[in-house]
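Per Swiss-Prot, these features apply:
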- 92-99, 157-161, 211-214: GTP binding site (BINDING)
- 83-264: domain 'tr-type G' (DOMAIN)
- 1-51: transit peptide (TRANSIT)
């Protein structure tokens with residue numbers, strides 16, 4: 001046994017000395033003496049050595065392409081010249097096969113072994129796999145040999161949904177090129193178009209890829225023409241592939257090497273690195289994902305964050321392959337991660353620039369904006385005792401999500417909760433589902449609203465996302481609401497229903513153009529408040545799922561908006577108040593009062609349910625009283641006895657109505673909130 005251990009130790013020593021004397025500079029290898037010398041690490045090293053020794057003499061068969069591509073962690077850490085680095089992302093609409101293509105690239109380059117492979121490898125959250133979407137940005141470093149030259153390919157995975165366009169902008173800022181993946185059976189979609197324009201603004205080299213060519217309905221020639229007409233890209237050399245079947249993957253890898261330019265060689269300049277993502281690790285603090293734009297960063301360097309003006313020591317740096325592999329040094333053009341015992345994510349904001357503390361860069365990296373929440377709603381725990389748990393859960397989610405904003409809110413009906421800001425409706429759904437799934441919370445959500453600007457008589461401008469905080473009519477001159485420009489791509493058969501939908505939502509028609517003979521692009525300007533309900537569901541329903549949409553924020557416009565209050569037995573119920581357009585006030589008020597009449601339990605007295613604008617009642621329903629038969633004990637006799645009993649009952653009901661309070665049950669609140677989401 002001792003002899004066996006000695007021979008293994010000698011083998012490890014020989015391997016380590018081989019790497020130490022190699023002329024090519026290496027990052028950390030599994031045998032590096034700089035790695036942790038814990039017993040577990042030694043065992044792993046010995047096990048790796050045994051496997052290497054046992055398999056070295058047995059593989060005499062000709063290796064396949066995947067065998068040739070399969071590389072160990074230490075090979076992926078090999079230093080390559082900056083001219084052999086390629087940073088790229090994948091632009092695609094939802095369900096056009098982006099995550100499947102990313103999986104195949106990881107598999108073909110040997111970055112992920114076949115036994116570790118699972119569908120949507122870069123989509124770490126169960127929620128991402130279930131919904132088939134990418135939410136959080138991921139990155140992976142791949143090693144690819146082309147014409148006997150090793151290349152380092154950094155893939156930065158991006159989400160495709162309109163709500164997560166801020167994630168896309170992070171990715172594009174860290175890349176030189178992009179794969180434009182379009183479903184060969186569906187063609188160009190609206191969100192793809194928006195991301196392509198973002199990529200063109202960033203001067204990225206775009207490679208068109210027509211995916212799903214194995215489907216019976218695939219029309220690569222038609223889709224190529226569509227891309228040329230809509231986007232203006234030359235598709236004569238577009239790559240035809242099927243990520244699912246593995247067709248055309250080698251051509252894509254070769255095109256990345258040949259067509260995407262390498263990063264600029266600026267290693268001699270002062271360090272500037274762009275933070276494009278971060279997440280919180282309970283043991284190591286905030287882990288920062290970054291792209292080195294200028295200069296070099298080494299392990300142990302004292303670094304400085306230019307926006308937050310905080311400094312730290314880089315305890316650990318490395319690359320994402322896609323799991324973290326430690327490195328000694330990262331150069332200009334490379335993508336990696338950093339751990340520096342950062343306790344607060346506010347010290348390492350997304351979009352911030354990392355530089356050296358002793359040799360600061362003159363200017364931070366330009367053109368980066370912080371994500372702004374567009375949709376707000378209240379989140380309240382069903383169990384009031386869970387309020388601290390909800391706060392902790394939101395704080396943890398905020399560490400990973402730069403766009404999530406929240407502040408405490410109190411409601412007479414629902415107790416303590418938070419007013420939360422989101423990028424859009426999908427973002428709101430994802431956060432709610434993660435709170436319920438990952439933190440075991442049961443939540444009540446209020447109807448989503450947007451941020452209104454209120455111009456007051458004294459000249460102040462107040463931003464208001466909560467109807468209960470809206471200044472009184474006598475104190476304000478006007479209310480402005482956010483407007484968006486919406487572009488819908490649809491087959492020509494559904495133009496009528498979609499135009500009707502947009503006009504019903506106070507949309508202002510701008511233009512319509514035919515992209516191809518059968519597909520049209522319709523542009524409208526409409527209030528964001530009209531979109532935060534069921535607009536997207538209606539768009540899909542009226543077009544039988546064929547239409548897609550993309551929107552961008554335009555600015556604020558003055559509108560005739562009013563606050564609609566709900567009164568129950570003469571008392572206003574603030575959580576049910578909402579801000580609506582004057583023309584829709586009656587319809588919304590009528591729907592809310594009718595719903596409340598169905599849901600509030602009957603009382604011993606008559607209960608009026610009213611929808612009001614200020615002091616004016618615009619819709620009303622009455623909840624009739626429960627009848628108590630006070631005459632049941634009277635058997636004939638004098639009528640005055642009956643009259644006396646009825647008069648006494650009427651007086652009692654009158655007194656009860658004056659002092660009685662009507663409790664609105666939780667179910668009624670939830671049903672009305674659901675109704676508000678539908679009718680607004």
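Using N, Cα and C of the backbone, Cβ positions are placed for all residues, glycine too.
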Within 10 Å of the Cβ of residue 158 (GTP binding site), how many other Cβ atoms can you find? Include all protein chains, please. 25
Counting other Cβ atoms within 10 Å, pick out the least crowded of the binding-site residues 92, 95, 98. 95
Residue 98 (GTP binding site) falls, by DSSP collapsed to helix, strand or coil, into helix
